[in-house]
Structures are given as structure tokens and as C-alpha cells.
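Per Swiss-Prot, the features are:
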type	residues	note
TRANSMEM	B:3-23	transmembrane segment
TRANSMEM	B:25-45	transmembrane segment
TRANSMEM	B:59-79	transmembrane segment
TRANSMEM	B:96-116	transmembrane segment
TRANSMEM	B:122-142	transmembrane segment
TRANSMEM	B:149-169	transmembrane segment
TRANSMEM	B:178-198	transmembrane segment
TRANSMEM	B:200-220	transmembrane segment
TRANSMEM	B:237-257	transmembrane segment
TRANSMEM	B:274-294	transmembrane segment
TRANSMEM	B:322-342	transmembrane segment
Amino acid sequence: MMTYIVFILSVIFVIGFVGFSSKPSPIYGGLVLIVSGGVGCGIIMNFGGSFLGLMVFLIYLGGMLVVFGYTTAMATEQYPEVWVSNATVMGVFLLGLLMEVMLVLYVLKSEEVGVVFKFSSVGDWAIYDIGNSGVFSEEIMGVAALYRYGAWVVVVTGWSLLVGVLVILEVTRGD
Amino acid sequence: MNPLILTIILMTVFLGTMIVMASSHWLMIWIGFEMNLLAIIPILMKKYNPRAMEASTKYFLTQATASMLLMMAIIINLMHSGQWTITKVFNPTASIIMTLALAMKLGLTPFHFWVPEVTQGISLTSGLILLTWQKLAPMSILYQISPSINLNILLTMAVLSILVGGWGGLNQTQLRKIMAYSSIAHMGWMAAILVYNPTLTMLNMLIYIMMTLTMFMLFIHSSSTTTLSLSHTWNKAPLITTLILITLLSMGGLPPLSGFMPKWMIIQELTKNSSIILPTLMAIMALLNLYFYMRLTYSTSLTMFPSTNNMKMKWQFETKQITLLPPLIIASSLLLPLTPMLSILD
């Protein structure tokens, strides 16, 4: 099972995405997003990116999703929609699940899936080790490189985030 | 809007387009598109009525989808070529997806449905920025990947855009929708020549921007958004009426005016590449465009449109200042004799 762990995690990932794309109430969407985020973190860690996985948990789940949860809790309605509450949501959820199951069976049966890309075999999802020199972790060096060689990217993305906040405040201000 | 916030947001719109035009790394280009999209939403929502909010939402959804398609094409390109530079798109799948994504951003058929509805829902100044400045960034990327674009897809989209732009504008009386369909048709002309001679695309873009800028400035001056209110400009500012006539005929592509220059050059370039039927079809479909421009000039400057007696005298408000109108008028009507200068571009 360990060779297929990435495949299994990615299937859970996609099912999670189907769960919130079928648009229940945002509270339930956030719940599924927590699960998907954790599973995605597991996928990254299986490829050796332990630092990035930690970042996902800390910043994404522990920062952004917490803020999202609080704001949604302030704006929620009395009976939020669940997946089984109306036919539309349940229909979309079941359709997504069905498509995912069919894709999984197709991947497991034939050795390759060539829809847009070519997934060569299920073995491709197996774990590869990162080329660790063993002396220092390469992810921390990546973060250092981000602030040195990628300083312009940091400036641009920081500016985009600031303008994003200003835009959201401006849009929700009303009159 | 608070002037400081307005300055920051306009600066970010400008910065977003500049980042798209000046970057050589695909990720920065995508960031530039997103920054541009994010910052233009409050400009589209300047008035807080539900129409403007619906228009901004439609714009945001279509442009975000296009950005996602662009990102997918970038990643496919990365997978097959292993590098992020923008010089050539190596994989045909990535090239097709990228062309479709940029066509969605420009408003080419079959992705043109958002253009009239978004342009109609927002104020005239926001519509001006939407139809001129926002076309620069996607067109610059199309220019840069033009050697690797699939010709069939682009030419199909171009010809259909010219047809839809002409045909769709026929039944319109709202000026913003007319300008939107005119934009769709002009984008079609630009896309048609992109693979053969990208310089002419840039020439067409330049002249189109100047003509559209002029038209919107004239509409803003007379505060008119329908054909009926435009037909009352003879009362308040007869000179504006004449300028509307000249600029509309230039947009239709009639010879002594500068709007003829891009169409002439494009048809010449297409026939040099041994396609005769295509430019003939394009020229015939441009007649549909000319028809509704002529209808506007007929109701505005050539006749005194019928109206009730109390509407014949317009209330004399304080005259609005039009920015840069004289140079714009000259640029959008008198540039045709400068055509031999294009030979320096080789």
C-alpha cells in the first residue's frame, strides 16, 4: 500500500474538491477544505517536501482557513445547506464521485491514462526521494533564494495582496 | 471613491498590464493578468447599482476562467519544454489552450458573450478603460507567441468575430453595446493578421484605441448612452456632432480617413499570402459594421431626429472638459497619408 499512498491521497484530495465544488453552504465547504488541505499536505510530504507541508498546515489551514471560518460563521444562515439537502447539490456530488471512481478504475486497469497528459503508470505516483545533499535541507535554501533572487516576485506578490485587501474593502463598502 | 484608493487602484491596473508586457517568465505574466483583473473590479463597480455589480461579476468570472486556462497552458508548456521563458510555445496542446485563453480575455467569438453585457452595465468611463486598456495585455502576449499559434483556430475565431461583431450590433440602440460589438469586430480583424504579420496587429490596435478613445470621449461629453440622447447633440454642441460623424466613418473603415489604413494593410497582407476568399469575406462583413455606424451618423449629424418639443432644447449644464480631444480627432481621422511610413517597420 505504501507505493500507492500518493495515489490514494490524491483520490481523497479530488473527492474533497468534488465535495465543496458541489456547493453546499460555505461552512461545509470549509470543513472539506480542511480535509483536502491536510491530504494535499500529505501528498507534498510524500515527495519529500516536509517544509512545504508544514507551511500548508500553518499558513493555509491555521491562518487563512481560520479567518474564513470566522467570517463565514458571522454571515451564516439558520439552516445551512448540506450535501443531501436538495437534489442539485447531491446530484453534482454524486456525479463528481462517479467520475472520480471511473477514472480510478481506468487508471488501475490500463497502465496509462492519456486524456490531456500521459500518466504512464500507477508506479509514477510512487514516492521519489528528493536529491538531498544530507547536510542542509533544500527547502530552507529555497526560501532564502526566494528573498534574494526572487525579490521582484516578492514585491509584486506583496503588492497584489495589499491591493487585494483594498479592492475587497472597496467592493464591500456599498454606499 | 477615496482619491488615494483610486490612485492606488489605477496604478495597479497600469502596473499589471506593464508586468504582462515586460516579463519574460510565464509566471510573472500570469501574476500581471491577475493583478490587472483584481484592480479593475472596483473601477467597474463605481456605481453601486445591481447592474454594475452583475457586470463586474460576469467580467471577473470570465477573466478568471481565462487566467486559469492560461495557467494550465503554461504548466503543459513547462512539462514539455522544461523552462519558463516566453519565446516559443513548444507543445501544440499548450499553444491551443493558450490561444483560447487569450481569446477569452479579448472577447473573440465564441467567447464574446460577456462583452456587450459587461460594457452595458458599467459607466462610460469604466467602459472606456475596459475596451481600450484591457485589450493591450492579451494582445501583447498573442504577439509574442504568434509564431506558434495554430492558424486554423485563430482564423476561425477571427472570421466569426467579425461576423458576430457586425451582425450583433445591428439591432442595438444603446451606445455602449454598439461600442462593445465594434470592439469584437475589430479584435477579429486584429486576430486575422496575427500569424501573417504581427506588426499590422499592433498598428490596428493603435488606431482602434485612438478611435474608440475619441468616440467614448465624445459620448462622455454629451453624457449620452442611447442613440436618442446622442441625436440631441446638434442642439448643445454642433461641433461635437460633426466630430461624431467623422470618427464613426473612420471606425467603419472608409478611405480618406485613418480607419481605412489597418483594413487596407490587412487585406493586402492576406492577399500576399495567397488567400483571396478570406479577405473578401472579411471586407464584406465589415459592411455590417459600417451599416450601424451610418445609422448613428444619420440620426445624429445628418438629420434632426424626431423628438418631442420639450426635448429639443437641452439643459445647459456646465461644459465637461474633454481630455486631449483635438489630438485624438486628428489621430483618428487624418493619419492615412502617413501610410508609407509603415515601410520603416520592416
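Glycine is treated like the rest: Cβ placed from N, Cα and C.
When each of B:59-79, B:149-169, B:178-198, B:237-257, B:322-342 is scored by its Cβ pairs under 8 Å to the transmembrane segment (B:122-142), the top-ranked stretch turns out to be B:178-198.
The transmembrane segment (B:178-198) is not in contact with the transmembrane segment (B:59-79), judged by fewer than 3 CB-CB distances under 8 Å for residue pairs 6 or more apart in sequence. Ranked by the number of CB pairs under 8 Å to the transmembrane segment (B:200-220), the listed stretches B:3-23, B:25-45, B:59-79, B:149-169, B:322-342 are led by B:322-342. Each of B:25-45, B:59-79, B:322-342 was scored by its Cβ pairs under 8 Å to the transmembrane segment (B:96-116), and the highest score goes to B:59-79. Here the transmembrane segment (B:237-257) has Cβ contacts under 8 Å with residues 182, 211-212, 214-215, 218, 221-222, 230, 263, 286, 289-290, 293-294, 296-297, 300-302, 319, 325, 329, 332-334, 336 of the same chain, all six or more residues outside its ends. For the transmembrane segment (B:322-342), the list of distant contacts is 199, 203, 207, 210-211, 213-214, 217-218, 220-221, 243, 246-247, 250, 255-261, 264-265: same-chain residues at least six beyond its ends, Cβ to Cβ under 8 Å. Within the same chain, residues 26-27, 30, 33-34, 37, 40-41, 44, 89-91, 93-95, 97-98, 100-102, 104-105, 111, 114, 118, 130 sit at least 6 positions outside the transmembrane segment (B:59-79) and bring their C-beta atoms closer than 8 Å to a C-beta of that stretch.
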